[in-house]
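These features come from TrEMBL:
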TRANSMEM  12-33  transmembrane segment
TRANSMEM  71-92  transmembrane segment
TRANSMEM  104-120  transmembrane segment
TRANSMEM  126-143  transmembrane segment
TRANSMEM  163-188  transmembrane segment
TRANSMEM  200-226  transmembrane segment
TRANSMEM  246-263  transmembrane segment
TRANSMEM  269-290  transmembrane segment
Amino acid sequence: MKTKLTRYWKPLLTVLFGLSAFLFWVFPFLPMLSFQEQYQLFLFDTGYFVERISVPGGLADWLGEFLVQFYYVYVAGALLLALLLVVLQRLFWQLLRRGGAADAWYAASFVLPLLLWWYMSDENVLVGFPVALSAAMLAMLGYEKASRSMFFSRCGKPARAALLLLGLPVFYWLFGPVSLTVALYVLFLEVSRRRVSGSVALGAATVVYAVAVVLVCSHFLSYPLYRLFCGLGYYRSPAFVPPMQLVLILIPAALPFLAVRFPTLRRSWAVPVSVAAVAVTGFLLIVTAFRGVKFDIIEYDFLVRTNAWDGILRKAASRPPSTPFEVACVNLALSKKGQLGDRLFEFYQNGSEGLFPTFARDMTTPLPAAEVFFHLGMINEALRYTFEAQEAIPDFRKSGRLTKRLVQCEIVNGHYAVAEKYLRRLQKSLFYARWADEQMFLLHNERTINAHPLYGRLRRYRYTRDFLFSDREMDQMLGLLYTHCYDNRQAFEYLMAYELVQRDMDRFMKYYPIGRYAGYSDHIPYAFQQALVLWWTQTHSSFEGMPWGIDPAVRQGMSTFIGTYMHDKNASSLREGPLANTFWSYMLVNKDKAQATKKEMKQIY
């Protein structure tokens with residue numbers, strides 16, 4: 001057993017690394033895969049391929065998007081990403097070994113993929129970057145092997161120069177500025193052969209030539225020079241280049257030539273210690289990088305996308321939401337479960353922002369509001385927010401998820417020509433094609449659409465009259481929506497919740513009577529009961545004569561709350577425990593902390 005372990009310890013480490021990466025992506029950070037997949041739409045179309053390949057780095061970008069489309073099937077996406085990291089590790093080890101590293105330094109080959117894994121905690125890092133990096137290392141290994149072949153040994157420096165002269169421009173156009181990594185590797189390789197006449201000059205000329213290729217391309221392409229040097233398809237945001245990208249580009253070129261200087265590990269414990277050091281350091285880097293509010297938002301977005309309403313509520317119960325994005329997702333989940341009126345104040349509320357987050361012109365912020373609008377039946381608003389989110393994608397790609405939502409909105413509105421245009425695009429994809437075919441069958445078939453469980457319901461809910469929509473008067477918009485179709489209980493609950501989180505008791509009491517059409521036959525939602533009792537106690541000295549069916553537990557809770565509040569407004573029991581999860585606490589205790597009015601939203605139309 002010990003002999004086998006000694007013999008196969010290197011491939012075993014690689015397998016463990018790949019398995020760890022797979023489990024990481026398929027379980028705790030599966031939402032990151034969904035996030036990457038939803039902001040592209042890979043098409044099996046000649047025009048799409050030509051569009052990608054017509055700029056430097058286009059093939060790497062195209063291959064990266066080809067891989068990312070499989071993130072739609074999350075297990076397949078996690079497997080592909082883990083395999084990509086394993087390929088990077090194996091290629092980097094080949095470079096280290098060519099540089100003179102002993103087997104005892106095998107752990108060093110995990111430095112590059114671990115740093116890349118850590119770097120991918122930035123949601124804007126595109127898979128085209130590790131694809132290009134893999135291609136660069138393949139090119140380095142190919143050049144090193146070719147330069148030692150019999151043909152190049154006979155032909156000498158002119159043959160190597162001709163290979164670089166023809167290969168570098170092609171490589172730059174296909175894979176982008178990682179060609180500079182290849183050029184640096186050639187420089188270091190030729191310097192290491194400085195005893196051969198002209199080697200240093202060839203290496204230096206290669207770097208100059210690689211830079212010149214980029215400069216020449218800049219005269220024919222309408223991109224800033226820094227983007228041509230840093231990559232068009234490596235990072236989603238065109239206005240920023242992370243320093244870590246430059247570090248990762250330099251490591252494959254430089255580290256192999258330092259391998260010969262690595263000290264010899266003679267002690268029996270040296271190899272296990274080096275492996276443990278790399279593993280622990282990598283673990284700490286990755287665990288600390290994939291934490292924070294950003295990843296909570298990505299997870300909430302994923303749960304909304306998959307309609308995992310119970311999952312949203314479990315997450316909110318274990319870790320209270322803090323941002324409008326998260327709160328809006330929680331409130332939507334409560335609404336879809338029919339619990340918004342009962343459990344509204346069991347979770348943190350930050351005013352109307354937690355029901356309808358303020359619009360911001362980016363690809364993520366409009367999504368929860370768009371989802372809320374869609375499920376409520378405010379189809380035109382859902383359409384606007386979804387369209388704006390897609391157009392705000394920094395690298396100007398289209399989104400499969402958002403295109404689907406646009407199709408649904410257009411079908412509900414009866415705009416079949418526009419829906420067909422979007423569906424034609426989806427039919428050229430791999431994982432959206434079947435859905436697109438099904439929707440194409442529905443077009444112009446009014447009877448089928450009206451009987452559809454989703455489209456038919458939303459057609460009944462949506463506005464049918466034209467008017468100026470005001471996002472600063474959402475209570476009136478919700479009132480119009482509800483009175484248009486009294487079956488839309490969600491609209492009524494959002495209307496009541498809106499007035500409660502705004503602390504507007506007068507409007508709450510004004511709108512409450514129309515709830516008689518909402519079907520509350522045997523139970524008034526608890527949050528509404530708490531508001532009704534509070535309003536009653538402001539004008540009456542006892543609970544006698546209340547015209548509503550208030551539960552005895554709510555009456556007792558109100559008495560306890562008022563007694564505690566009058567005795568000590570800062571009592572801990574008002575901020576923790578059952579009394580804290582009430583409208584009374586939100587109205588009286590947390591008034592200064594919560595946002596009472598909605599911020600002015602930006603105009604988007």
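One is the number of the first residue shown, and numbering goes on along the chain from there.
Cβ atoms here come from the backbone N, Cα and C positions, even for glycine.
Caution: TrEMBL annotation is automatic and unverified by curators.
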Would the transmembrane segment (246-263) count as touching the transmembrane segment (269-290), if touching means at least three Cβ pairs under 8 Å and pairs must be 6 or more apart in sequence? no
Any residues 6+ beyond the ends of the transmembrane segment (104-120) with a Cβ under 8 Å from its own? 9-10, 13, 17, 21, 85-86, 88-90, 92-93, 96, 130, 133, 242, 244-245, 247-248, 251-252, 255, 259, 262, 264-265, 270-271, 274-275, 277-279, 281-282, 285-286, 289
Six or more residues beyond either end and a Cβ under 8 Å away: which residues meet both conditions relative to the transmembrane segment (269-290)? 13, 24, 28-29, 32, 104-108, 110-111, 114-115, 117-118, 121
Given the transmembrane segment (163-188), which of the listed stretches 12-33, 71-92, 126-143 has the most Cβ pairs that are under 8 Å apart from it? 126-143
Who are the chain neighbours of the transmembrane segment (12-33) in space, where the CB to CB distance is under 8 Å and they lie at least 6 residues beyond its ends? 5, 71, 74-75, 77-79, 81-83, 85-86, 89-90, 106-107, 110, 113, 117, 123, 275, 286, 290, 295, 298-299, 301-303
